[in-house]
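Quick look at what TrEMBL annotates:
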- Gly18, Lys19, Gly20, Gly21, Val22, Gly23, Lys24, Ser25: ATP binding site (BINDING)
- Cys192, Cys195: [4Fe-4S] cluster binding site (BINDING)
Amino acid sequence: ISINGLAQVKHVVLVLSGKGGVGKSTITTELALALVHAGKKVGILDVDLCGPSIPRMLSVGKPEVHQCDAGWVPVYADPQQKLAIMSIGFLLEDSDEAVIWRGPKKTALIGQFVSDVAWGELDILLVDTPPGTSDEHLAVLENLRKHRVDGAVLVTTPQAVSTGDVRREITFCKKTAVKILGIVENMSGFVCPHCSECSNVFSKGGGEELAKLTGSVFLGSVPLDPLLTATLEEGRDFLQAFPESSTYTAISQIVNTVLSSLDA
């Protein structure tokens, strides 16, 4: 398999979670936008076969994917071409179509997907993965490993049922020798759109507790913020729209910590 597509990619970061619905795609999108705001050139590889949501969150629709000599050409979310995206969603003929494939077919597509995208020069490639520790994860890892994997950001929600699943993901990282860059606690409290007070809907502190127990870095908490939800639904840049919010501060701090550990 050719790995030319990744030759000019400086860092590769996986976004993982043992559980579905914790907001991996949300965190991936916001990290990517924050990195672009920090002057980086960023790519998102969306390998969530059953629920590719990145195209919607970044409002790129369903463009035609072109091929060049080096492979598939990614789609850019911005006119400056600082944010490149490649999603399984672009390759499905019908966006309402369900992907009902057995393991080998999925693994083969992921292998091609990881190695055949002509990313060009990127500072960071974020890989939005499906939930769990399945074949797909191993396929992503095996194919990226031929180039490099700098580490993983793990996403959890505060309650014990989620942190338990993410603990298994930590074991997966340790067994496959993937460095854990840190844990993000998503949906950590609800920010009232009227008074900005934060109420703990799901409990609080599970992510931080998990980081302590496993000796991982706690990257920070991102609250449930209706403004963030609305911008993702509409495919707008939350960080540009609400730079004064506590959610903005949380995301920026997470990105700064990740950047300093990549540069370390």
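Here the Cβ of each residue, glycine as well, is placed from N, Cα and C on the backbone.
Bear in mind that TrEMBL entries carry predicted annotations, made automatically and left uncurated.
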Winner by Cβ contact number (other Cβ atoms within 10 Å) across the binding-site residues Val22, Cys192, Cys195: Val22
Inter-residue Cα distance where the pair is Gly23 (ATP binding site) and Cys195 ([4Fe-4S] cluster binding site), in Å: 24
Rounded Cα-Cα span from Cys192 ([4Fe-4S] cluster binding site) to Val22 (ATP binding site), Å: 20
Distance, Gly23 (ATP binding site) to Cys192 ([4Fe-4S] cluster binding site) (CA atoms, angstrom): 19
Gly23, Lys24, Ser25 as binding-site residues, winner by CB count within 10 A: Lys24
